[in-house]
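K.L.:
There's a structure below that I have some questions on.
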Amino acid sequence: MESLMASSTLPPLFADEDGSKESNDLATSGLTHPEGPYGSAATSTTNPEFVEDLSQGQLLQSEASNAVEGNEQRPEDEQRSKRGGWSKGRKRKKPLRDSNAPKSPLTGYVRFMNERREQLRAKRPEVPFPEITRMLGNEWSKLPPEEKQRYLDEADRDKERYMKELEQYQKTEAYKVFSRKTQDRQKGKSHRQDAARQATHDHEKETEVKERSVFDIPIFTEEFLNHSKAREAELRQLRKSNMEFEERNAALQKHVESMRTAVEKLEVDVIQERSRNTVLQQHLETLRQMLTSSFASMPLPGSGEIPTVDTIDSYMNRLHSIILANPQDNENFIATVREVVNRLDR
């Protein structure tokens with residue numbers, strides 16, 4: 001009797017599947033048969049059609065469970081394939097840059113930043129670089145449209161200049177050489193993709209193992225406490241290093257500002273000295289011309305040399321030597337020299 005009841009309750013387990021509706025109907029008809037509440041249940045269990053429906057229901061249920069497991073497994077595989085990144089220890093190669101290409105145009109915002117950054121740093125040297133960038137961004141957003149348009153117009157003109165120069169450059173031989181280099185590099189890159197994929201896959205496995213080893217530590221254990229202490233000590237050391245680097249950076253920034261001020265002062269001194277040298281050079285040329293014209297009628301005793309603008313310096317040296325060597329023999333000549341010098345003083 002209990003086996004008949006058990007066999008009559010099996011079909012409803014597969015009522016959700018399409019292939020089990022017939023078996024459910026068979027069980028229901030067995031329960032409502034006029035011979036008794038369990039009269040046809042035994043018959044349905046021995047019926048081959050019922051057994052076939054039952055096996056079909058089990059097969060459909062197993063296929064549905066496999067499909068659900070496959071759907072759950074697929075996002076994990078996709079997520080695992082998307083995970084990754086650049087392998088540790090590898091450096092991204094910089095893209096090829098054509099040194100012969102025309103200079104890229106600057107936007108209006110970049111032009112404004114370049115113009116105002118140095119002015120703001122000169123006024124407020126203690127402000128860090130990120131704060132200066134933020135302040136300039138706010139200043140740009142509040143800039144009147146007519147002032148902002150000036151930078152945008154300059155950017156448009158620079159863009160037109162770049163397009164013209166680029167069009168001319170693309171017709172040169174240097175551009176063709178750079179294009180061939182780029183194509184050769186792309187071919188080499190395609191050969192390295194397989195090795196890069198393998199390295200990425202190995203890195204993913206290594207990362208998973210590390211994550212699993214860290215997250216598998218049970219909490220509230222001695223191992224977990226030691227791990228937490230090690231992490232806290234590492235964080236303290238990093239904070240300490242960060243503070244030291246910030247202090248060094250601030251000291252270097254002050255040193256740079258002081259050096260910049262000293263350089264500016266030296267540049268001002270150099271300009272002043274150059275102007276002073278120019279004035280002295282002009283005065284020296286004027287004095288040479290005056291001496292040449294004054295002593296043009298006074299040849300040196302013994303040699304008879306007459307001064308010119310080019311030889312006035314050597315003439316004056318020899319004149320001085322003659323006066324000191326024989327002052328008694330050249331008294332008349334010395335008196336004439338005194339008269340000429342007195343006229344120069346006037």
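Including glycine, each Cβ sits where the backbone N, Cα and C put it.
Look at Swiss-Prot and you will find 1-112, 178-210 tagged as region 'Disordered'. Residues or ranges marked as compositional bias 'Basic and acidic residues' in Swiss-Prot: 71-81, 181-210. Here Swiss-Prot flags 102-170 as DNA-binding region. The coiled coil annotation in Swiss-Prot covers 228-272.
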K.L.:
Sequence-remote contacts (6 or more beyond its ends) of the coiled coil (228-272), Cβ cut-off under 8 Å?
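P.N.:
Long-range Cβ neighbours of the coiled coil (228-272): 125.
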K.L.:
Can you give me the average pLDDT across the coiled coil (228-272), rounded to a whole number?
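P.N.:
Within the coiled coil (228-272), the model's average pLDDT equals 94.
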K.L.:
Tally the residues of the DNA-binding region (102-170) by DSSP class, grouping H, G and I as helix, E and B as strand, and everything else as coil.
P.N.:
54 helix, 0 strand, 15 coil
